Amino acid sequence: MQDLSAKQQYNNNKLQKRLRRHIGQAIADFNMIEEGDRVMVCLSGGKDSFAMLDILRNLQASAPINFDIVAVNLDQKQPGFPPEVLPQYLDSIGVEYKIVEEDTYSIVKEKIPEGKTTCSLCSRLRRGILYRTASELGATKIALGHHRDDILETLMLNMFYAGKLKAMPPKLVSDDGKHVVIRPLAYCHEKDLIRYAEWKEFPIIPCNLCGSQENLQRKAMKEMLNEWDRRFPGRIETMFNAIQNITPSHLMDHKLFDFKSINSSSGVIDGGDIAFDKPDIPAVPQLMVIEPDDRVEIIELN
């Protein structure tokens, strides 16, 4: 690992502490990992899954519960995939692991026309293999490396293209109904994961070896959110807070709230209607932040 100045080391320690806190909080908030769990960490070779594995192992050493970790990588036989990189890294850190070799690349190439995105079919094939592997390994949880930015991008994609108010759940039952899938990075910022991967010098494997065209809609959402973050600091955090602070009675989904039964004797619900009032909305985002000395305070972002 690179030689670091005292200031760099201080900043890196703060970064690691922040990621530990975010992952630990997500685990606690959604009861992601329990006593005796065997957590299968899906390792793609990208920055996010490397960071997830590293921090989970770090937390494992000090957690008040006992749980096991097994890292799993799916070698899909994509051209140029370096099969030696992940085993060498995983051997060096002493973690239990399994490399699953399945030629899904040939299947995808056969089914998808040249130039079209292969991600959807590839993901379905990959999920099935990972579910099977989890059963073979006796894993009780499957950990995926999606972070806060992925969740917000998915929220915007569903709003703009599918007409749904839907993002990525932090915890769910797998498609086959046999496993619990968790996303420990749900509270983590992508920019923190990028910095962490650079510091730790993870042996990153490119994600475009398959030659698939990038998902243009998701790329557009990412660029839009990044632009908002640059122009309006704090807005992205506020958006993320919003999906954790939902008032069904003030939306329009009658499956979530029984609007039909409301009558004059129902009383005021969730603050009533503010259509005729001045909106009680702050001019700038107000966020809870953790200062370096771990004191919590409200700050206003200009």
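Just so it is clear, glycine is given a Cβ too, placed from its N, Cα and C backbone atoms.
Annotation source Swiss-Prot lists motif 'PP-loop motif' at 44-49. The [4Fe-4S] cluster binding site annotation in Swiss-Prot covers Cys119, Cys122, Cys210.
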- Message: Mean pLDDT for the motif 'PP-loop motif' (44-49), rounded to an integer?
- Response: 96
- Message: Just to be sure I understand, if DSSP states are collapsed into helix, strand and coil, how many residues of the motif 'PP-loop motif' (44-49) fall in each?
- Response: 3 helix, 0 strand, 3 coil
- Message: For a quick check of packing: other C-beta atoms within 10 Å of the C-beta of Cys122 ([4Fe-4S] cluster binding site), how many?
- Response: 20
- Message: Through the lens of DSSP with three states only, how would you label Cys122 ([4Fe-4S] cluster binding site)?
- Response: helix
